[in-house]
Amino acid sequence: MAMNDSVNILNSAYLAVEYVDSYLPVNPLQQPFKNAWNYMLDNYTKFQIATWGSLIVHEASYFLLCVPGFVFQFIPYMQKYKIQQDKPETWEKQWKCFKTLLFNHFFIQLPLICGTYYFTEYFNIPYEWEEMPRWYVLVAQCFGCAVIEDAWHYFLHRLLHHKRIYKYIHKVHHEFVSPFGMQAEYAHPLETLILGAGFFIGIVVFCNHVVLLWAWVICRLMETIDVHSGYDVPLNPLHLVPFYAGARFHDFHHMNFIGNYASTFTWWDRIFGTDSQFIAYQEKEKKKQLITKKKA
């Protein structure tokens, strides 16, 4: 009975979204996107699309999403939004980060990406435009992937902080006490494999079209680059996501090394109490601000 009720609720939600969608104006980008997608299918093999297409989506998304945070360091006005203002970025650190990223992307992640085609073939995942899921289904699937990845990340990330193994693997990622966007995937190769595995679990569960692979890549990169940006910018649309942790939450993890282990959401840290130091820090900062205002 409970299962039937859940299915009915889910179906009702889909119908409601479809009803709203029917009244929305036609997306002017839909036809150009359809033409581009069909052109890709007509001119490239599935192996090329799954492998090189996925690589291009990852690299282009990663470095384009890093641009705003990189530019902020040169804009004096944006410095008031920098979380750790006493620790500015340096060219030396950014160059070191960039070189490590290139190694990880092409020698660790690319071999994994090469398996994308065989994954889609094994599970018979379609590429055709006609079978592409609607936008609201894609959004729901990406959210589901984020929930699964967040759970994986919390427990494995917390394990990597264990004193017996921390210095061998996860310490590399913590070389930067004050993180910046490009540092999101700066990590030991083993960490790239261990924590990166959580990315694929949601794909195995939800993937019904190759477009989800790319949509989830973009969503995941958007989130991880944002929380590593070092800037808490107002009107950030990601803050509309329920229970979204954000830059301040993860920046404290880099500053404190203990607690705030989740990647995207706050609930696992709240459940296990690993956000207690962060909450105490926030309360302390609020008191400082009140004292400063009273003196002014």
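Including glycine, each Cβ sits where the backbone N, Cα and C put it.
For the domain 'Fatty acid hydroxylase' (144-274), the model's average pLDDT works out to 95. The domain 'Fatty acid hydroxylase' annotation in TrEMBL covers 144-274.
Marked as transmembrane segment by TrEMBL: 60-79 (among others). Sequence-distant neighbours of the transmembrane segment (60-79) (same chain, 6+ residues past either end, Cβ-Cβ under 8 Å): 85, 88-89, 94, 105, 180-182, 184-185, 217-218, 221-222, 225, 229-231, 233.
What TrEMBL records for 100-120 (among others) is transmembrane segment.
Sequence-distant contacts of the transmembrane segment (135-156), counting only residues of its own chain at least 6 positions beyond either end whose CB sits under 8 Å from a CB of the stretch, comprise 14, 17-18, 21, 194-195, 197-199, 201-203, 205-208, 211-212, 215-216, 219-220, 223, 261-265, 268-269. Annotation comment: TrEMBL describes 135-156 (among others) as transmembrane segment.
Among the features that TrEMBL reports, transmembrane segment is placed at 192-217 (among others).
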